[in-house]
Amino acid sequence: MGKQKIIDARKAYYEGDIEKSKEIHSHYHNLDKHAEHHSLDKDHLKTIIFGSLDGIITIFAIVSGCVGANITPAQVIIIGVGNLFANAISMGFSEYTSSTAQIDFMLAERQREEWEIENCPTEEKQEMIDIYINKYKFDSKDAKNLVEITFRNKHFFLEHMMSEELGLILTNEDKSEAFKKGILMFLSFCFFGMIPLFSYVLYNLFFSAENYTSSFAVVFISTLITLFILGLFKSQFTTQKPIVCALSMVLNGSIAGMLPFLFGVLLKTNSGD
């Protein structure tokens, strides 16, 4: 429900429709008592999108370079599959280790802040007062009143202080969540990385492998179509307009595919083979 609300609200914003925006907020307020759920599992979404884009562009670049060099289809497939799984494993493991490091750091900072709030409450309050005055331009009296009110709820004060002082948003993530993100990265990289490779294999099943420019065109078109769709999907969770986001993905993919292909052709020509 929260996810759909954000999508509807953004659509109203892009259209500049104030009445529609009010209607959406009122509708979802009655459904969930205004629990907006802005996160949308954003960490999972970020992992999937990053893995998908990295997978398809990385393998597209590898296949393009191989096709440009006009090596045999069997060699292209071997190189492509090898790089696909090697990169997917590397990306998945990197996502897992970075997530666990972030969780460990956040928990350590939380424990430190909890200890300071318990043992040095006056100093902790003063830190927040200074933040309200210097960052948000509250006067001293209002800043002190805000701190006294928020300090009554220690959990809220802790979360708010970590956000303002350290730039950390407390979550309920644990090591199992980090493992899940690593798996998501691996799977999304593999799935979308297979698209340029699979389109190349399909072309060579039905057409001559000697026409490497045609095989590149098939890989190029299938990849850009996929990137366009991924861009449209990504736009639902960003501030970019759908067509702008989609075209930026296409431009990125075009450059990433054309350069290796041209270098492959150049190297093949200079080698004299």
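Even glycines carry a Cβ here, placed using N, Cα and C.
As given in Swiss-Prot:
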BINDING   Glu113, Glu116, Glu124, Glu127, Glu165  Fe cation 1 binding site
BINDING   Glu113, Glu124, Glu127, Met161  Fe cation 2 binding site
BINDING   Glu116, Glu124, Glu127  Fe cation 3 binding site
TOPO_DOM  1-47  topological domain 'Cytoplasmic'
TOPO_DOM  69-72  topological domain 'Vacuolar'
TOPO_DOM  94-181  topological domain 'Cytoplasmic'
TOPO_DOM  203-212  topological domain 'Vacuolar'
TOPO_DOM  234-246  topological domain 'Cytoplasmic'
TOPO_DOM  268-273  topological domain 'Vacuolar'
TRANSMEM  48-68  transmembrane segment
TRANSMEM  73-93  transmembrane segment
TRANSMEM  182-202  transmembrane segment
TRANSMEM  213-233  transmembrane segment
TRANSMEM  247-267  transmembrane segment
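Annotated features, which come from Swiss-Prot, shown on the structure.
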| residue | record | Cβ neighbours (10 Å) |
| --- | --- | --- |
| Glu113 | Fe cation 1 binding site | 20 |
| Glu116 | Fe cation 1 binding site | 15 |
| Glu124 | Fe cation 1 binding site | 20 |
| Glu127 | Fe cation 1 binding site | 16 |
| Met161 | Fe cation 2 binding site | 22 |
| Glu165 | Fe cation 1 binding site | 15 |
The transmembrane segment (73-93) touching the transmembrane segment (247-267) per 3+ Cβ pairs under 8 Å rule: no
How many helix, strand and coil residues does the topological domain 'Cytoplasmic' (234-246) contain under DSSP? 7 helix, 0 strand, 6 coil
Could you state the whole-number distance in Å separating the C-alpha atoms of Glu124 (Fe cation 1 binding site) and Met161 (Fe cation 2 binding site)? 9
Could you measure between Glu127 (Fe cation 1 binding site) and Met161 (Fe cation 2 binding site) for me? Cα positions, answer in whole angstrom. 9
Short question: which residues 6 or more past the ends of the transmembrane segment (48-68) have a Cβ under 8 Å from it? 75-76, 79-80, 83-84, 87-88, 91, 95, 184-197, 200, 212, 215-216, 219-220, 223, 226-227, 230, 233-234, 237, 249, 252-253, 256-268
Cα-Cα distance linking Glu113 (Fe cation 1 binding site) and Met161 (Fe cation 2 binding site), given in Å to the nearest integer: 8
Residues close to Fe cation 2 site centre defined by Glu113, Glu124, Glu127, Met161, Cβ within 8 Å: Glu116, Ile117, Lys125, Met128, Phe157, Leu158, Met162, Glu165
Residues of the topological domain 'Cytoplasmic' (94-181) by DSSP state, where helix covers H, G and I: 72 helix, 0 strand, 16 coil
Apart from Glu116, Glu124, Glu127, which residues in this chain have a Cβ no more than 8 Å from the mean position of the Cβ atoms of those residues at the Fe cation 3 site? Glu113, Ile117, Cys120, Pro121, Glu123, Lys125, Gln126, Met128, Met161, Glu165
Six or more residues out from either end of the topological domain 'Vacuolar' (69-72), which same-chain residues have a Cβ under 8 Å from its Cβ atoms? 209, 212, 264-265, 267-268
How many of the residues that make up the topological domain 'Vacuolar' (69-72) does DSSP mark as helix, as strand and as coil? 0 helix, 0 strand, 4 coil
